[in-house]
Amino acid sequence: MGCTLSAEDKAAVERSKMIDRNLREDGEKAAKEVKLLLLGAGESGKSTIVKQMKIIHEDGYSEDECKQYKVVVYSNTIQSIIAIIRAMGRLKIDFGEAARADDARQLFVLAGSAEEGVMTSELAGVIKRLWRDGGVQACFGRSREYQLNDSASYYLNDLDRISQTNYIPTQQDVLRTRVKTTGIVETHFTFKELYFKMFDVGGQRSERKKWIHCFEGVTAIIFCVALSDYDLVLAEDEEMNRMHESMKLFDSICNNKWFTDTSIILFLNKKDLFEEKIKRSPLTICYPEYTGSNTYEEAAAYIQCQFEDLNRRKDTKEIYTHFTCATDTKNVQFVFDAVTDVIIKNNLKECGLY
């Protein structure tokens, strides 16, 4: 006698198949959506990484978008030279040429009345003369003793180009701009058939209370550390070494119960600045116990160990570390490719598809 299914049984089987199919599709959809949280102390390069994602995965900045950054380029340039001139007074550094004192006074007058997004030839001339001065250069060489944008020399060395009336910022100029991130900046892009949602969170202490809203369902955290911060203090607390602050923050993120199953990717950033700085500023400023040489390889490896040793779940949790230069598009492209492969593997495991 044949075994036939009743209409009710057939419907139940179909329902079961549909549920299985939906679960499978949901699993695949979850595997394809990646929520990336960019964390790290202030000025560690998080926003630059976000800009690189736009350049690498979204055809970069249009000419109109680049034009909008002209205001920021000029503001960063003017604020940088002003910061150096002010520091000269504090550090008791004299101008190489007495005539530059008049230029300094003129700088404050012209900067105060400058139209937004305009660099007059008079203002550009004053800044150029000041930047060439021996005393100003001596003060710039001591920039670890005060707060100065990383991009200061990049813009000041290129004043002839950026002060042209028809100047339009390049992609690299845009990458170098510094605007403090307040709140949460969200970026979406697709790469390797994954849909990325990247969240850039302000790194200053006052911004950190906003992070909590981003924690749910995070696939991976990219934690940015500025290697070159080892001899600097915080903008918001001049008693606190920036590297120590980063370590404290990484400890709290890496060992947080929220992130037990979250991939942690460590970007040891600004490797280019670190490579230059380590030749003249010893690592013992930050790590008095350090006995190695002040070479890039040895000092960078030591910092890497300091961070990775903070991981209290080494047996179950791996830290994926990369040395980066956030302003170098090729480097970021290469690193992000490797990061994505790790995310794909871990994400598929989570969904039971690997």
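Quick reminder: no glycine exception, Cβ is built from N, Cα and C everywhere.
Here the structure is a predicted model, which means the values were calculated and not measured.
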Which range of 164-172, 173-181, 236-244 is region 'G2 motif', per Swiss-Prot: 173-181
Range annotated as region 'G4 motif' in Swiss-Prot, from 137-144, 265-272, 305-312: 265-272
Matching range for Swiss-Prot feature annotation, region 'G1 motif', among 21-34, 35-48: 35-48
Candidate ranges 54-59, 120-125, 156-161, 324-329 [criterion: Swiss-Prot lists as region 'G5 motif']: 324-329
Which of Lys46, Arg178, all binding-site residues, has a Cβ with the fewest other Cβ atoms inside 10 Å: Arg178
For the region 'G2 motif' (173-181), distant same-chain residues with Cβ under 8 A (at least six beyond the ends): 42-43, 46-48, 51-52, 55, 61, 65-66, 69, 72-73, 76, 149-151, 154-155, 162, 200-204, 207, 326-327, 329
Gly42 (GTP binding site), number of other Cβ atoms within 10 Å: 22
